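Taken straight from Swiss-Prot:
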| type | residues | note |
| --- | --- | --- |
| BINDING | F28, E85, E267 | substrate binding site |
| ACT_SITE | E29 | active site |
| ACT_SITE | E32 | active site |
| ACT_SITE | S86 | active site, schiff-base intermediate with substrate |
| MOD_RES | S86 | pyruvic acid (Ser) |
| ACT_SITE | C100 | active site, proton donor |
| ACT_SITE | S250 | active site, proton acceptor |
| ACT_SITE | H263 | active site, proton acceptor |
Amino acid sequence: MLSNKDPLSLMAMWGSVKGYDPNQGASFEGPEKRLEVIMRIIDETHSEGLHALGDEVWKGVVGSLNAQIVSKESNEYIRSYVLTESSLFVMRDRIILITCGTTTLLNAVPFVLDAVSDVRGEVEWVSFMHKNYSFPWEQKGPHLSMAEEFNTLRTYFPSGKPFIFGPVDSDHYFLFVYDDVIRPCETENDTQLSMTMYGLDRTQTKHWFSDRFISTGTETAAIRKATKLDKVADDSWKLHDLQFEPCGYSINTIRGAEYQTIHITPEDHCSFASYETNTPAVNYSERINTVLGVFAPIRFSVIVFIDPDSDVGRLYQKGQNVGVEAEYYPKYELQNRTVNEFAPGYVVMKMNYARRAEVTEKDSTDSVEE
């Protein structure tokens, strides 16, 4: 039984790691914080938008939250950076920062706003989001609580609103949204699919341990093939990845204006993987099942952001499935579902799934037989 004399166990009730053991040793915070700032381009805005800014600007942004840039890939639409803690994507009109561990992502907000100001843009949309932390007591200010995060964000965006998606004592997301989109406006057709996965298949996680850092090349290609990550990031994508020492793995991929990013924490007691993409789809189930095929998690959460003019948004408005519904995942049981509409047609859907008991039992038997 939990006691008030055991504060970490009490805090763990709100965390995302099940069965917290205070004697388990060092753990890494896999679930990421995510900040997206979208810029309204006006007549005075630099013709290249945020691409007019050099790498030194982004090094400063990343440094402000206690991370570093490790590698970069780019095309006409996206500059992609793999960080020591996750990823940064810079597009002409937006910045997406995704950071794990105990990084202080909100410390980067004034630096991001300076970047928007430097190219004479206007802030149109801001979202800050994170899955509930696995080890919330390890976080640093301003991330010690949702209240502190909200208070920090409200300093910069007074009209922004906070939301919680999912049960507070289990898998949930904190989301803050500042919306200054002038409607009616041009077509809104953005999409975002994000997945967080826990209790990864141990036959897979063994591949993400190493006695040294390994950058993009033949060795990381072999890791992708052995783990079937090459099914997610096939040859149509330009990619850069990093195998960490002693463990962990990150990959960014870009294709035109589309991106994917995957981050993996393989330790048994806190195994975790995340996946995110903005790739358009009429149904997300094929992509989600491909990712699940790599990690075979015990449980996962999926959250999708759907604009009204996107392919999937038009289907949703007609009452059709978008691929996050339970019928597409027979090995898993739907735990709960949360839906919110921020603006006309702009929908967020969040689902929690757990592997069915009979599937878990079969997997355990198969492992023993092997």
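Any Cβ shown, glycine's included, is placed from N, Cα and C.
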Since the record lists E32, E85, E267 as recorded positions, which of them has the fewest other Cβ atoms within 10 Å of its Cβ?
E267
How big is the Cα-to-Cα gap, in Å, between the residue listed as 'active site, proton donor' and E32 (active site)?
4
Which whole-number value in Å describes the distance between the Cα atoms of S86 (active site, schiff-base intermediate with substrate) and S250 (active site, proton acceptor)?
7
For E32 (active site) and E85 (substrate binding site), what Cα-Cα distance in Å is obtained after rounding to a whole number?
9
Would you count the other CB atoms within 10 A of the CB of the residue listed as 'active site, schiff-base intermediate with substrate', including those on all shown protein chains?
25
What's the CA to CA span in angstrom from E85 (substrate binding site) over to H263 (active site, proton acceptor)?
9
Show which residues of the chain containing S250 (active site, proton acceptor), separated from it by at least 6 in sequence, have their CB under 8 Å from its CB.
V82, L83, S86, S87, D241, L242, F244, T261, I262, H263, I264
For H263 (active site, proton acceptor), the number of neighbouring Cβ atoms whose distance to its own Cβ is within 10 Å equals 26
Within 10 angstroms of the C-beta of C100 (active site, proton donor), what count of other C-beta atoms is obtained when all protein chains are considered?
25
